[in-house]
Amino acid sequence: MSPKTETKAYVGFKAGVKDYKLTYYTPEYETKDTDILAAFRVTPQPGVPPEEAGAAVAAESSTGTWTSVWTDGLTSLDRYKGRCYDIEPVAGEENQYICYVAYPLDLFEEGSVTNMFTSIVGNVFGFKALRALRLEDLRIPPAYSKTFQGPPHGIQVERDKLNKYGRPLLGCTIKPKLGLSAKNYGRAVYECLRGGLDFTKDDENVNSQPFMRWRDRFLFCAEALFKAQTETGEIKGHYLNATAGTCEEMIKRAVFARELGVPIVMHDYLTGGFTANTSLAHYCRDNGLLLHIHRAMHAVIDRQKNHGMHFRVLAKALRMSGGDHVHSGTVVGKLEGERDITLGFVDLLRDDFIEKDRSRGIYFTQDWVSMPGVLPVASGGIHVWHMPALTEIFGDDSVLQFGGGTLGHPWGNAPGAVANRVALEACVQARNEGRDLAREGNEIIREAAKWSPELAAACEVWKEIKFEFAAMDTL
């Protein structure tokens, strides 16, 4: 005789294809505190009702498939299925909807961003019933976020390690990004750190190429930062990029960095992958290394308004996977970022509790409980004239990173670093005195330039530089 469960499944099974909305569209569902909630921007194919499209997203990203299967009877679909519980039209857009989906926590492996994304942003994005699909936001419940280590150290521990408080940190990406020998690269690192920067950075493209192997770069950069530390009395760092072709090689590079005694390493978390990133974050926590994260490849995923995934989701994923810094756009400069939206995900990186605020693109209230915060890094086409705006927009808990804005100084790398440090100190002092950086910013920089020839030269070089393109990332 067949087992009872098999008999029941066989008797109750009806083969064929049925509408997703019959099972996965549940507007009466009340979300649980333990559910992972998702807001999808859905563009259905012509003739597909929004309820069917939303239900299809819920089904294909959880327990559903294209036809009824008899093994459905061997489990409890009501316990494990995703549910589309609300749909709202997008204002000003034709045939576009925000579909809200709730996922039971048991669908996801603990501590695995990889597994979470494999379900939520997996095959469903190629589903034929949809013209386009974009994941706008996720609500990560404390019951799930507590299964992650998160950032190796966080903002307060980093400040304590560096002994630097009350101002943004200053950085610089070494340019040209490719082609320098290790010794010349180390020279540029020394000059920038000696001039007053807190950090210098490997470009995301720099791994271990024929013109500069990773071990040589690590050695010369370590020598440069220790020399600059001795001469300035300040703790310095260089983001040594440990990204590699295998996880084993990545960890080997991080181990070598720790043996050199440097304070920080770097990883390209999207091209390297979440599994590799989480492994590196755990190593950094265990061995006292800070972890700088670059977001190379993010625009492939997040730039299109109606398809892909918004960067705020990638930012939340990074906070769970682990990183002490992550690039976040600038609002000003050459790389894209609309102010309210950028500040929305900056808060999601730094703060413990973030209220729902649709004006800033935040679809759900997010409670990170005790997970450490991540410093946002403003980088890309910025220079001394941007310093007041950057200081006002990002506040103290940030890294302001000037690549060309340091190395492009007419007098050289060290004067470029001096110009940026003087501009930052002037802006912080003016802010602390109660001056309005947004309104008086240019005047504050001009006043400081009277006492700093390096800053005056920088102001003259970059006074006409503007990047006047409209941001695409708007609500």
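Each Cβ is built from the backbone N, Cα and C atoms, and glycine gets one as well.
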Name the one residue among ARG213, ARG295, ARG303, ARG350 that Swiss-Prot lists for the same substrate site as ASN123, THR173, LYS177, HIS327, SER379.
ARG295
Conformational class of ASN123 (substrate binding site) under the three-state DSSP mapping:
helix
Other than LYS201, ASP203, GLU204, which residues of the same chain sit close to Mg(2+)? List them in sequence order, counting a residue when its Cβ is within 8 Å of the Cβ centroid of the site.
THR173, ILE174, LYS177, ASP202, ASN205, VAL206, TYR239, ASN241, MET266, HIS294
THR173 (substrate binding site) has how many other Cβ neighbours within 10 Å of its own Cβ?
24
Measure the Cβ-based neighbour count of LYS177 (substrate binding site), defined as the other Cβ atoms within 10 Å of its Cβ.
13
Just name the most isolated of the binding-site residues ASN123, SER379, going by other Cβ atoms within 10 Å of its Cβ.
ASN123
To which of the binding-site residues ASP203, GLU204 does the lowest count of other Cβ atoms within 10 Å belong?
ASP203
Candidates LYS201, ASP203, GLU204 (binding-site residues) - the one closest to LYS177 (substrate binding site) by CA:
ASP203
